[in-house]
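Below is one structure, written out as structure tokens; comments come after it.
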Amino acid sequence: MSAASVAAVAAEAKTNGHHNGSDRVEDLKIAIIGQSNFAAEVLEVLLERHHMVVGVFTIADKGSREDVLATTARQYGIPVFKVAAWRRKGVPIPEVLEKYQSVGANLNVLPFCSQFIPMEVIDGAKFGSICYHPSILPRHRGASAISWTLIEGDDTAGFSIFWADDGLDTGPILLQKQCPVVGDDTLDTLYKRFLYPEGVTSMAEAVDAIAEGTAPKIPQTEIGATYDPALFREENQYINLNQPALKIFNFIRGLDSVPGALAIIEEEDGSESPVRLHGASLCGPAALENARPVRFKGAAGPAFVDREGIFITGVDGRLVKVKRLKKGSKMIQASQWFAQVGKKIVPLELNEREQEMEGILKNIWKSILKVDIESDTDFFACGAGSMDVVRLVEEVKDALEVPLENEHLFMAPSFVEFLNEVISRTRNGAGEASVGPAYDGVVLRENKKVISVPTQMFVNGQFIDAENKKTLDIVNPTTEQVICKVAAASASDVDNAIRCAHEAFKGSWNQVSARERGLLMYKLADLMEQHKEELATIESIDSGAVYTLALKTHVGMSIDAWRYYAGWADKIEGSTIPVNPAKPNNVLTFTKREPIGVCGLITPWNYPLMMLSWKMAACIAAGNTVVIKPAQVCPLTALKFAELTVKAGFPAGVINVVTGSGSITGQAISEHPLVRKLGFTGSTPIGKKIMAACAESNIKKCSMELGGKSPLVIFADCDLDKAVRLGMSSVFFNKGENCIAAGRLFVEDAIHDEFVRKVVKNIKTMAIGDPLNRGTAHGPQNHKAHMDKLIEYCEIGVKEGAKLVYGGKRVPNKKGFFFEPTVFTDVEDRMFIAKEESFGPIMVISKFHSSDFDALVQRANSTEYGLASGVFTKDIRKALLFAEKVEAGTVFVNTYNKTDVAAPFGGFKQSGFGKDLGKEALNEYLKTKCVTIEY
């Protein structure tokens, strides 16, 4: 039954007489038996679908840690029973059976269960027991079905939901679904891509079918049935290397990442090292440069280590490349095998401060592992799991302010290795600071950090004061207090910065190759990664961005942009063009893509660092130099970024940051004759003024990302809960200070009232407050003038007759520029709020009737803006027609705000022209030269 829906299976079952009932059965009382995140999600989906769960039976606690299923059930007030074992000597334990019977369940649901459940329980529910199994039964019965699907080279994977009986995965089928196995699938990817998400949904579908009396019971055939060995037994994890390369590859990926295919490497001294193989790929004949042979026990064919990994030869002569090895609990790059062999861990000599750090680290390890910590204590050998890794990394970062990631622990799992890693990183950090530029600045003591931030402008590799030491106040929108004063550049200061950029373009930057340019950008991205928490903290204080969002999006996507364009730096190419020859001679015509020169960038205040990165990364990758003016009200992350460019090794003059007002500093950049390209993000009225200045000065090349009034259309056939969640995100994301925010929602009349009700209900649960608080969902607006504008916007909406359902005012009795998330309904096309952008957390909703699709699209297009748009519907025809007809540079279908550094971003009409992001953005910062040679 491939890709079978419940309805299709039910229809077949009725035809064959395998029906569980003719009409809806009595109300279900469900017992969930199992464990893991999978089971927890099944529980939540069943509750969302209004099924009654009367009890949860899960495994006993491991130490002090309970299974997530127990934690989730308790949150919903569902009785939880933790069972260490259901049977003793093959006989059900009476007190456990009594606990099960006490909940009165009439259906057992087993999403994932590692325990043996007695038949007294399986048959004890009136409607039986259903189980999830990750294969297309009857193939791959047993506990390791996903692995064997890959090991056997199956083209198709899938899962079965079946009625439990007294056999091993032999019960009648209720539902099956399948997906193709792709070439790079591993156990992990197959599970995460299909078996987990589709499995959760299908378990709920199966329960729905039982509740409706339409669930089939289709007997399993024994034709093609297989019973596979359990791979949780170590003796079954050893790989046979004397077989074709494809079989070797399939075995490795079938056990990747847990537990990992097991092999034995024979050392040069005769000793043996068990290792687990990860990250396998099939490859053709390889030119192995400086490869060293390595011997796998029992393998007839040769194996080699080179800079790409370990290459294992199958009996057919083909090669399998392995990227990573796990030795004990430590994961290493396979290419580093010989560097690791025999490598002794030498403890560092610690100074007094570092000895204090050692004591702090020991206490953190002890609090997590509950054992005394010695130098050779292995974190994972002590039973630590993935959540312990996260806890350790976060506690160390908080206690010692050391930039760490989870992989640092995987690479250094013993205490002495981890201590060496932490101490080395603190020492490197101290050394790094010494090569940074000197500056006057402000010290921020926030978010358990002490962060030094420049307050001078950055020109020609140095931080300098503005002319006459003129400054601007920078205000914290959360407290309304002045954070610091920053330089306010004059026209003369801008001229100096641009001339320095021009000299760098003609001189030092011209000597840097494209590949070297990319390496500098990678280094800068790495530094941003190391300082990401500092940057996110500054962004929160300076712009009001919620810290968690700043970390993930403001800073995270900035880092992604620099890495993405670093990869493009040495791949910018021209082309050869066939033209008519000048007989009797020949002609060669080719094009070159060249940098434009000095580029001016003017960026907005909603995403200070991200807007800088979106534009500047493409600009620098193309080989230009740059002068940027960040937003007047929040320039601090741009100045901290400038400090990192020095540490990354960028030559002086390549990147320059001039802070100040738009009317003086921004205007000076727009008018300067040495600036040949200007990139701007901001309002449409200001964009028009900048375009005029660019035209009148020297006809600069421009790219403009301007205002928006993006329509979001929600049809009645959508997934309503998803539409509510993403509809709210489309408006309230980043406090509504989002250029592609859905400025107007068109909601089909059939679901309009329910949509509004759900939105308002969810708004009431939004935590509004300090953006540095991890629980905050909605921070302050960026600055007071903007908040005042939002208040005026809402007053106009009410005056014109729109219905204010929620919000519309400043949050009462709260310091800071906090504005309530707002909802307007009954908005008519003629109204101001239907036509103009708020750039704030204001949801503007209009009804529509689905009978006239063309009229709906016409309403969506009846604006001078065309930045983004969205549609929610299950009808692919409607979605594609909307995408075809809507006048917007970006169209989201059943999602919103889903941007990526590889996807072009930009608008139509008065939302501007030109693109940020993706390959297309490079065109904004390049010029094409055509060369023709006669010979």
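Each residue, glycine too, has its Cβ placed from N, Cα and C.
Under the heading active site, proton donor, TrEMBL lists His133, Cys739. Feature annotation from TrEMBL assigns active site to Glu705. The active site, proton acceptor annotation in TrEMBL covers Glu705. The (6R)-10-formyltetrahydrofolate binding site annotation in TrEMBL covers Gln115, Phe116, Ile117, Asp169. The NADP(+) binding site annotation in TrEMBL covers 629-632, 662-667, 682-683, Lys789, 837-839. Summarising the annotation, TrEMBL assigns domain 'Carrier' to 352-426. If you look up TrEMBL, you'll see Asp169 marked as site 'Essential for catalytic activity'.
Across the range of the domain 'Carrier' (352-426), the DSSP-based residue counts are 51 helix, 2 strand, 22 coil. Fewest Cβ neighbours within 10 Å among the recorded positions Asp169, Glu705: this applies to Asp169. Per-residue pLDDT, averaged over the domain 'Carrier' (352-426), rounds to 83. Each of the recorded positions Ile117, Ile664, Cys739 was scored by the other Cβ atoms within 10 Å of its Cβ; the lowest score goes to Ile664. Listed in chain order, the residues near the (6R)-10-formyltetrahydrofolate site other than Gln115, Phe116, Ile117, Asp169 are Leu110, Cys113, Ser114, each with its Cβ within 8 Å of the site Cβ centroid. Here nothing among the recorded positions Gln115, Phe116, Ile117, His133, Asp169 falls inside 10 Å of the CA of Gly682 (NADP(+) binding site). Within 10 Å of the C-beta of Gly662 (NADP(+) binding site) we count 17 further C-beta atoms, all protein chains included.
Local packing around the binding-site residues Gly666, Gly682 was summarised as the count of other Cβ atoms within 10 Å of each Cβ; on this measure the leading residue is Gly666. Shown are the binding-site residues Gln115, Lys629; of these, the residue with the fewest other Cβ atoms within 10 Å is Gln115. Looking only at the binding-site residues Lys629, Ala631, Gly666, the one with its C-alpha closest to Asp169 ((6R)-10-formyltetrahydrofolate binding site) is Ala631. In terms of C-alpha distance, the listed recorded positions Gln115, Phe116, His133, Glu705, Cys739 place Glu705 closest to Gly666 (NADP(+) binding site). Taking His133, Gly662, Cys739 as the recorded positions under consideration, the smallest Cα distance to Phe116 ((6R)-10-formyltetrahydrofolate binding site) is found for His133.
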